[in-house]
Structures are given as structure tokens and as C-alpha cells.
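Structure record follows, encoded as C-alpha cells.
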Amino acid sequence: MEALKRWRAGWGYPTSLLCVYGFFSTVKPLEPFLIPYLTGPDKNLTMEEVTNQIFPVWTYSYLALLVPVFLLTDWLLYKPVVVFQCVALFVTTAMLLWLQGVAVMQAMQFFYAVVTACEVAYFSYIYSMVALRHYRKATSYCRTAQLLGYTVGSVLGQLLVSFDLLSYHYILVFTLVLTAIALVTSFILPMPQRSMFFHKGIDDQDEDNAEGEDGKVEKGRPPETGELEGGTFKAPSQHEAKLSSRGSSSHERSSSEVSAETGGTDAVPEGCGSALVMLWKDFRQCYSSRELLYWSVWWALATCGYNQTVNYVQALWEHVEPSSNFTIYNGGVEAVSNLFGAATAYGIGFTTVDWSYWGELALGGFSGLGGGALYLMVFIGNIWVCYAGYVIFKCLYMLLITIAMFQIAAGLSMKRYALVFGANTFCALVIQTILTFIVVDSRGLGLDIVTQFIIYGTYFSGMALVFFLRGLYTILNVRRRRHVESKSTGEPQCVKMTDIETN
């Protein structure tokens with residue numbers, strides 16, 4: 001009993017509950033078969049109604065909800081937003097199950113936008129409940145639980161459909177049961193006592209010298225964190241990162257930064273005006289870094305294109321090979337793409353590439369391959385090529401977004417990282433909203449699905465060209481400067497972050 005009490009008082013208890021919630025809320029067996037379900041006898045909608053009238057509502061609603069939900073998440077101390085997210089997910093599934101018509105399905109998309117907008121509360125919650133030294137493990141566990149949920153849902157859906165074990169109707173009933181388990185779990189989550197902006201914890205002096213995961217003393221920010229000095233972004237070099245991981249690097253933090261990142265229980269409410277002013281100051285300081293700005297621009301552009309592709313790929317599959325005369329494998333493809341994507345993202349952690357030097361070139365080259373995969377899906381017109389192209393595209397995106405997230409997070413505190421993450425997501429949604437209205441919406445051009453994917457392939461190809469040329473310019477400029485410095489000093493010069501930052 002004593003061990004159980006200690007476990008409940010520590011970081012493992014809220015992390016475990018959040019992992020359970022993350023798993024059951026992401027097991028959605030019908031999701032890979034949503035287009036066949038909506039266009040089939042259950043809902044009897046046309047492909048044009050689904051792609052040009054119903055699906056665009058999610059994009060518009062997500063954009064409108066993101067900023068208010070981001071602020072409310074911090075103000076309400078995370079847990080209420082997590083509970084509300086699960087309620088909205090339950091409503092979304094129930095509407096899919098029992099209601100009919102275009103207008104109702106548009107309302108369903110609005111509630112699903114609420115679910116996705118509340119996603120910020122999922123990870124923000126755990127950062128408010130665990131100490132700084134446990135951030136990496138807690139994040140890894142929660143992300144793994146979600147990926148496992150998506151994969152299990154896709155595999156389960158494929159098995160149920162392929163072996164005709166359950167109809168689409170009863171798959172949704174089963175999904176409601178899983179969502180109910182997630183809802184119960186959300187209610188028993190412990191209530192945080194502090195947040196990043198509106199409810200700051202009082203500085204806990206013991207956290208500064210807390211024992212790290214490797215048994216060493218940790219001081220200041222996490223070892224992988226760099227600095228923002230005078231508006232200049234400085235990510236740690238590989239040598240510095242190794243030294244930091246051994247506990248040889250320490251930084252001083254202000255009491256407000258410590259209280260925002262540690263597990264203090266006393267809360268000091270902040271006024272709304274002062275919190276917003278602090279948000280604006282942090283925003284300006286973060287994006288004053290040119291390197292961070294480049295990575296953020298790619299993040300926003302690529303996330304926009306990725307969301308459009310994932311949202312409408314089932315419509316392309318249905319066009320290439322209608323489900324009425326073919327045993328579809330959408331669930332299996334989603335499961336494989338999730339597993340490969342997770343493996344790709346995981347493998348990046350073991351690379352020794354200096355992404356601050358080669359990163360922009362990689363962004364351009366791999367984005368170009370992603371655009372090529374989209375072209376293959378459209379022009380070959382074979383369902384298996386479509387499936388393979390989708391897996392390749394998703395893996396490439398997971399690879400690059402992981403690199404981008406690491407490069408951005410390397411120079412920011414957790415509070416600023418959450419702000420940059422939200423700002424980048426908002427910019428992606430703005431671009432996506434414009435693209436959706438022009439290309440997809442029936443009030444715009446209302447293009448057919450093949451033309452849409454040609455545009456998405458062109459979008460990624462154009463983005464790839466810009467970043468590839470930018471990467472070449474960066475490398476050549478740094479090498480030229482290094483050559484000049486080596487001539488003036490008579491010694492070989494290594495590439496420095498300041499060389500790249502000034503480009």
C-alpha cells in the first residue's frame with residue numbers, strides 16, 4: 001500500500017492515466033473507411049458532397065477554434081479541456097452513427113474540429129503534472145500510447161472489414177464503447193495546480209538541483225536546450241550536446257521560468273492582460289531568430305500540405321478503385337504508414353547529422369520526394385501504387401517534422417516551445433483554409449479529387465525547390481566564409497551556428 005501511495009503521488013500516476021486516455025481515444029477502427037461509409041448505403045452521400053461541402057468545415061472550424069482553445073486550455077488548467085475533448089469525440093461518433101444528411105455531417109465535422117483543437121491540452125497537461133527531469137520520458141510514453149492507438153484502430157478496422165465480422169454501423173458502436181472508457185479515464189485525471197501562463201507555480205528551490213534520469217544533477221533547462229540571446233537563436237552543437245547530457249552544462253533561470261516548468265503546487269494567478277503581454281513578448285523574441293523562422297515556415301507549409309493529403313486521400317483511393325468492386329485495405333495501409341512513420345521518427349534520434357548545416361537541404365530534397373510520391377499516386381492510377389505512395393509520403397513527412405521539431409525545441413524552453421508549436425500550427429491552418437476554400441470548397445473552384453492531388457504534388461514540389469536552393473546557398477556561403485577565415489588565421493575553421501544564423 002505504501003508503494004502504491006508513493007506511485008500515485010509521483011509522476012507515474014498521471015502519466016499512466018493520460019496514456020490510457022490517449023490510447024482509447026485514438027482507437028478509431030472506422031476512420032480508414034470513412035469515405036466508403038459516408039458514400040455507401042449507410043449515409044448515401046455523394047463524393048462531391050463529402051469532399052466539397054462536408055470535409056472543408058473541419059478546416060474552417062479548426063482555424064476558428066485553435067487560438068481560443070489554446071488560451072482556455074491554460075486558463076482552465078488543462079484537465080477540463082481534456083474532458084471536453086473526449087465529450088466532443090463521443091458526440092462526433094454518435095452523430096456519425098445515428099444522424100443523416102449533409103447539414104448534420106457538417107456539424108459533425110465542427111465537433112471533430114473541437115477534438116483536434118483540444119489536442120494541445122493532451123501534452124500540456126503532462127508538463128504541468130511532472131517535474132522537468134521527467135519531460136522526455138512522459139512525452140515519449142504519451143506519444144507512444146497515441147501512435148499505438150492509431151495503429152491498433154487501423155489494424156482492427158481492417159480485420160473487421162476484410163473478414164466481414166462487423167458492419168460499419170456496429171464498428172461505430174464499438175468505437176463509442178472505447179470512447180466511453182477514455183471519457184471515464186479523463187474524469188479521474190488529477191487536477192493540475194499550475195499552468196504555463198495564467199497560473200504559475202511558486203519556485204521550488206529543490207527542482208533546480210533535482211536528480212536527473214541518469215542519476216546526475218540537473219540544473220537549469222534540459223540538456224538539449226539551447227539559448228535565445230538578444231534575439232539570436234543558438235542551438236547546441238553536437239559536442240556541446242554530449243557534454244550537456246553528462247551534466248557538465250548548466251544555465252541559470254529566472255524564478256518565473258522555473259515555476260512554469262517545475263512541479264510546484266502553489267499557484268499564483270496571473271492577470272489576463274499581463275499573460276497576453278508576456279505571450280506577445282515571447283512570440284517576438286522567438287521569431288526574431290532567422291534560423292528558427294526558416295524551420296517554422298517549412299513546418300507551417302508542410303503541415304498544411306500533409307493535412308490536405310491525409311484528409312482527402314481516401315477520396316482518391318475511392319476514385320482509383322471503388323470499394324464496391326474491390327476489397328479495400330485502407331486500414332492496413334494506415335497501420336503500416338503509422339508504424340513506418342514512427343520508426344523513421346525514432347531512428348532520427350540516433351543520427352549524427354548536423355541538421356543546422358544540412359537541414360534545409362534535407363527539407364528541400366525530401367519534400368521533393370514527397371511531391372513525387374503524390375504525382376505517382378495520381379498519374380499511375382493503380383491502387384497499390386497509391387497505397388505505396390501514401391506510405392512513402394507519410395514516412396518522409398514524419399522524418400522531416402521530427403527534425404524540425406528537434407531543431408526548434410533545441411533552443412527554447414518548454415513554455416516557448418508550446419507557444420511556437422501553437423503559432424506554427426495556426427499558420428498552417430491559415431494556409432490550409434485558403435487552399436481548401438480555393439481548391440476544394442464548392443463555393444470556390446470545387447475541383448475534382450485528381451486535380452486536387454496534382455495541385456498538392458505541385459505545392460510540395462515548389463516548396464522543395466525553394467528550400468533546396470536555400471540549403472545550397474547556406475552550405476556554399478558557410479564554406480566560403482570558413483575558407484576565408486582559414487586563410488586569415490592559417491587554421492581550419494569548423495562550421496558555427498553563427499555562420500548559419502547570419503545567412
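Yeah, the Cβs are placed from backbone N, Cα and C, and that goes for glycine too.
If you check TrEMBL, you get these features:
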TRANSMEM  55-73  transmembrane segment
TRANSMEM  80-98  transmembrane segment
TRANSMEM  110-132  transmembrane segment
TRANSMEM  167-189  transmembrane segment
REGION    203-266  region 'Disordered'
COMPBIAS  213-224  compositional bias 'Basic and acidic residues'
COMPBIAS  237-255  compositional bias 'Basic and acidic residues'
TRANSMEM  361-385  transmembrane segment
TRANSMEM  391-410  transmembrane segment
TRANSMEM  417-440  transmembrane segment
TRANSMEM  452-473  transmembrane segment
Between the transmembrane segment (167-189) and the transmembrane segment (55-73), do 3 or more CB pairs sit under 8 angstroms, pairs being 6 or more residues apart?
no
Which residues of the chain, 6 or more past the ends of the transmembrane segment (110-132), have a CB below 8 A from one of its CBs?
11, 14-15, 18, 21-22, 57-59, 61-62, 65-66, 69-70, 73-74, 77-79, 81-82, 84-85, 88-89, 91-92, 95, 138-139, 142, 146, 189-190, 192, 194-196, 207, 210, 218, 222, 261-263, 414, 418, 421-422
Grab the same-chain neighbours of the transmembrane segment (361-385) for me: Cβ-Cβ under 8 Å, and only residues 6 or more beyond its ends, written as numbers and ranges.
298, 302, 309, 313, 316-317, 320-321, 326, 353, 355, 392-393, 396-397, 399-400, 403-404, 450, 453-454, 456-461, 463-472, 474-475
Non-local residues, at least 6 beyond the ends, that sit with Cβ under 8 Å of the transmembrane segment (80-98):
21, 25, 30, 37, 69, 72-73, 104-105, 107-108, 111-112, 114-115, 118-122, 125, 169, 172-173, 175-176, 179-180, 182-183, 186-187, 189
Recorded stretch that, among 167-189, 417-440, 452-473, has the most CB pairs under 8 Å to the transmembrane segment (391-410):
417-440
Six or more residues beyond either end and a Cβ under 8 Å away: which residues meet both conditions relative to the transmembrane segment (167-189)?
14, 17-18, 20-21, 24-25, 27-30, 33, 36-37, 40, 42, 79, 82-83, 85-87, 89-90, 93-94, 96-97, 125, 157, 160-161
